[in-house]
Amino acid sequence: MDRMEHSFEWQGRIDAEETGDSRRWHQVMQAWGPGATSGCALIGFAVDEGVRRNGGRPGAAEGPAACRKFLANMPLMGEPALWDAGDVRCDGGALEAAQARLAGQVAASLQQGCLPLVMGGGHEVAWGTFQGLLQGRPEVQRWLIINLDAHFDLRYAAAANSGTPFLQIQQRCQALGLPFDYRVLGISRYANTRALFDRAQALGVRYWLDEDLQDAPGLAAAQQALAQDLAACEAVYLTACLDVLPGAQAPGVSAPSPLGVPLAAVEAVVAQVVASGKLAAFDVAELNPSLDRDGLTARIAARLIAKVARR
Ligand SMILES: N=CN[C@@H](CCC(=O)O)C(=O)O
Ligand SMILES: [Mn+2]
Ligand SMILES: [Mn+2]
């Protein structure tokens, strides 16, 4: 079965005796429908078929539920309307159908006036989200794709997987005559082959290594370059692979990073993109609750989503 499912019950803490506004997300969340004409659309991509095909550690299909669990108790802090569009699921290995379903929900969210916030799922989520952007914003001629990730995800593979989405996007952009402006922050020199570095260079991909984003000057240099990219593009697709973070901070991923980019730096980039006013969709990928510790990685996913929602 491959359809949107609404199985999560939004519930959480209620500070009934508190004075002032003590509301949390679970108290204002609404079910997606025709009335969703502004605000944010939460979309779950409860899929890890791409991780499985890529030889990784499955479990990211449970990511959206873990993310919602921590979003439920998120204090309300001026967010716009919040809509839960349910989950895309993938049964029987039909990944491409699930990605198409996600694309449809992303496009519908955009066309109704909502910002899609997608909760993965493996990073194969990106191919679904981007197809939805093309459908929902067909007028955009210059996309900027910003990936916070230890990996390029530009793999060649017979079967598309969690390591191929940005090559799939590049090929679609090329077919449509669109530029492929892809930036990656957090690349590990120890987790990508020479072939991937060469492909990134051949495709004009600009990237920053994890080791160059450890301190304020390194981050400032990256942000300066991103500011030019943000000014030049029409719209931005921002995606965060949670393995961009230090594994000690975010253990709940298939391929944790020994070094990683500190959360403060990741958040600075997210804030910069949000401030550009050009963000068209955001997703978080690779949350695998079965490998998490104290829900730390899920809390980061929820925090990033809330940060974007509070734009
Ligand atoms: N989306 C993840 N992609 C990584 C996973 C690497 C790994 O499992 O070690 C990749 O394909 O490079
Ligand atoms: Mn990654
Ligand atoms: Mn990735």
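Every residue, even glycine, has its Cβ placed from backbone N, Cα and C.
Annotated Mn(2+) 1 binding site per TrEMBL: His123, Asp149, Asp153, Cys241, in sequence order. Annotation comment: TrEMBL describes Asp149, His151, Cys241, Asp243 as Mn(2+) 2 binding site. Per TrEMBL, region 'Disordered' is recorded for 1-22.
Here the features listed in TrEMBL are painted onto the structure.
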{"residue": "His123", "record": "Mn(2+) 1 binding site", "DSSP class": "coil"}
{"residue": "Asp149", "record": "Mn(2+) 1 binding site", "DSSP class": "coil"}
{"residue": "Cys241", "record": "Mn(2+) 1 binding site", "DSSP class": "strand"}
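Distance from the CA of Asp243 (Mn(2+) 2 binding site) to the CA of Asp153 (Mn(2+) 1 binding site) is 12 Å.
Of all the binding-site residues listed (His123, His151), His123 sits in the most crowded Cβ setting, with the most other Cβ atoms within 10 Å. Here the Cα atom of Asp243 (Mn(2+) 2 binding site) is found 6 Å from that of Asp149 (Mn(2+) 1 binding site). Checking the binding-site residues His151, Asp153, Cys241, Asp243 for a CB within less than 6 Å of any atom of ligand 3 leaves His151, Asp153, Cys241, listed in sequence order.
Here the Cβ of Cys241 (Mn(2+) 1 binding site) has 30 other Cβ atoms within 10 Å, regardless of which shown protein chain they belong to.
Distance between Cα atoms for Cys241 (Mn(2+) 1 binding site) and His151 (Mn(2+) 2 binding site): 9 Å, as a whole number.
For Asp149 (Mn(2+) 1 binding site), applying a Cβ distance below 8 Å and a minimum sequence separation of six or more within one chain yields His123, Val184, Leu185, Gly186, Ile187, Thr239, Ala240, Cys241, Asp243, Val244. For the recorded Mn(2+) 1 site, residues His123, Asp149, Asp153, Cys241 set the reference point as the centre of their Cβ atoms, and the other residues of that chain within 8 Å of it by Cβ are Ala126, Asn147, Ala150, His151, Phe152, Ser162, Gly163, Pro165, Phe166, Thr239, Asp243, Val244, Ala285, Glu286. Its own atom aside, the Cβ of Asp243 (Mn(2+) 2 binding site) has 29 Cβ atoms within 10 angstroms in the protein chains shown. Neighbouring residues of the recorded Mn(2+) 2 site, listed in sequence order and excluding Asp149, His151, Cys241, Asp243, comprise His123, Asn147, Leu148, Ala150, Asp153, Gly186, Leu242, Val244, Val253, Ala255, Ser257, Ala285, Glu286 (Cβ within 8 Å of the Cβ centroid). With a CB cut-off of under 6 A applied against ligand 1, the binding-site residues Asp149, His151, Asp243 are reduced to His151. DSSP assignment over the region 'Disordered' (1-22) gives 0 helix, 2 strand, 20 coil.
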